[in-house]
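Asker: Okay, handing you the structure first.
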Amino acid sequence: MFNQSYLNVYFICGTSNVPSHRTIHEVLEAALKAGITLFQFREKGESALKGNDKLVLAKELQHLCHQYNVPFIVNDDVSLAKEINADGIHVGQDDAKVKEIAQYFTDKIIGLSISDLGEYAKSDLTHVDYIGVGPIYPTPSKHDAHTPVGPEMIATFKEMNPQLPIVAIGGINTSNVAPIVEAGANGISVISAISKSENIEKTVNRFKDFFNN
């Protein structure tokens, strides 16, 4: 069952997003201990794990998340999400259609990326629990990212659909969260702000403070 508070501090990570001196297991566990509210396994890039290696890692990270009662979301990979019985799946505009995914994930969390009004207009939100809006700011984590849309886009979507849970993504760090919260976002999703943080506990707690007031 989806709860929009899951979106508060939503950590996204894959093996290519962690510093060379740390493992993804270490980074994720530090983030879980600090209190992230949702985790998305996003294994992308030239060095991304595939096949059984990806499956084994997904199961290990899922087990870690469940030890801390944090839902485990899979990015894009429908077959992987089904195989490990993930808590949910997040897809982009170019991925499998949400309606088809909903047939397999009737009791799971479904997220959809939307970057502008055009994508919003053509998106089927019937089966979607939340939308990921962005990139809000310029981001180094996604080389194929759209042009930044700013916090204003969140306010626009909230005005159009006040009940739709929204998580902001793209270039977010502890110093630029305030405008996103003011725009009405239910949470923030980050990659490098946590994965490359020198003090993950401090970073996560600063993010949490914006949604605990």
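Residue numbers in this text run from 1 along the chain shown.
From the backbone N, Cα and C atoms, a Cβ is placed for every residue, glycine too.
Okay, these came from Swiss-Prot:
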type	residues	note
BINDING	GLN40, PHE41, ARG42, GLU43, LYS44, ASN75, SER113, LYS142	4-amino-2-methyl-5-(diphosphooxymethyl)pyrimidine binding site
BINDING	ASP76, ASP95	Mg(2+) binding site
Asker: Are there any residues at least 6 positions away along the chain from PHE41 (4-amino-2-methyl-5-(diphosphooxymethyl)pyrimidine binding site) with a Cβ closer than 8 Å to its Cβ? List them or say none.
Answerer: CYS13, GLY14, LEU57, ALA58, LEU61, GLN62, PHE72, ILE73, VAL74, ASN75
Asker: Using Cβ-Cβ distances, find the residues under 8 Å from ARG42 (4-amino-2-methyl-5-(diphosphooxymethyl)pyrimidine binding site) that belong to the same chain and are at least 6 apart in sequence, listing them in sequence order.
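Answerer: Listed in sequence order, they are ILE12, CYS13, GLY14, ASN17, ASN75, ASP76, ILE191.
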Asker: Can you count the other CB atoms that lie within 10 A of the CB of GLU43 (4-amino-2-methyl-5-(diphosphooxymethyl)pyrimidine binding site)?
Answerer: 24
Asker: List nothing but the one residue from GLN40, LYS44, SER113 whose Cβ has the fewest other Cβ atoms within 10 Å; the candidates are the binding-site residues.
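Answerer: Across GLN40, LYS44, SER113, these binding-site residues, the one with fewest Cβ atoms within 10 Å is LYS44.
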